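Per Swiss-Prot, these features apply:
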- Ser10, Ser16, Gln17, Ser18, Met94, Tyr95, Asn96, Phe97, Thr138, Arg139, Gly140, Gly141: FMN binding site (BINDING)
Amino acid sequence: MSKVLILKSSILGGYSQSAVLIDHLASHWENQGAAITVRDLGGKDVLPMVDGEIASGLRGGAELSARQQEMLALSDTLVAELKANDTIVIAAPMYNFTIPAQLKNWIDFIARAGVTFTYTETGSKGLVEGKRAVLVTTRGGAHKDGPTDHVVPYLKTVLAFIGITNVEVVYAEALNMGPEAHDKGMSEAKHSIDLLTA
């Protein structure tokens, strides 16, 4: 049975368009028998902002404060969750041309030297290999393949850095450019999901 980790990152709750698409995707895979874990980074599973104390603690060590120990344990949980699943689905709405801070927090918690990547004499090497990732990205405007899209290139870079290079992308564009454009963007995205999950 396939195991899927879904990361929601919208802060819009019931108004989230990325959540609508993620739920559409999840229903397909659930019907196919996949085991799905959902982490709502913009809602009930929001993570603490990584500050200097937390970042230092994530490097480990013998003399960690109670807060650092707690955050290191949280990071270990998130990394184990990432490694335990075959497919990682990331809901990535575009906020001011980039990803939500809540999703960036998750990245900061799981991107750890010696744990999800390592450095060699020839550069970095990802340690989370053999996985598939699906990015579901929603935007108010039209940014696909253009210089204003800092969502997909960034996430592909992060995923490749930790070893995940099999990445598929579902775009929902122009969602704030009028009712017709919204409906067209959502319809095309759902069609892409239908093909991806068939």
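Keep in mind that glycine also has a Cβ here, set from the backbone N, Cα and C atoms.
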Among Gln17, Asn96, Thr138, the most crowded of the binding-site residues [Cβ within 10 Å]: Thr138
Other CB atoms within 10 A, centred on Met94 (FMN binding site): 23
Where Thr138 (FMN binding site) falls in three-state DSSP terms: strand
Number of Cβ atoms other than its own within 10 Å, given for Ser10 (FMN binding site): 24
Gln17 (FMN binding site): secondary structure state under DSSP, collapsed to three categories: helix
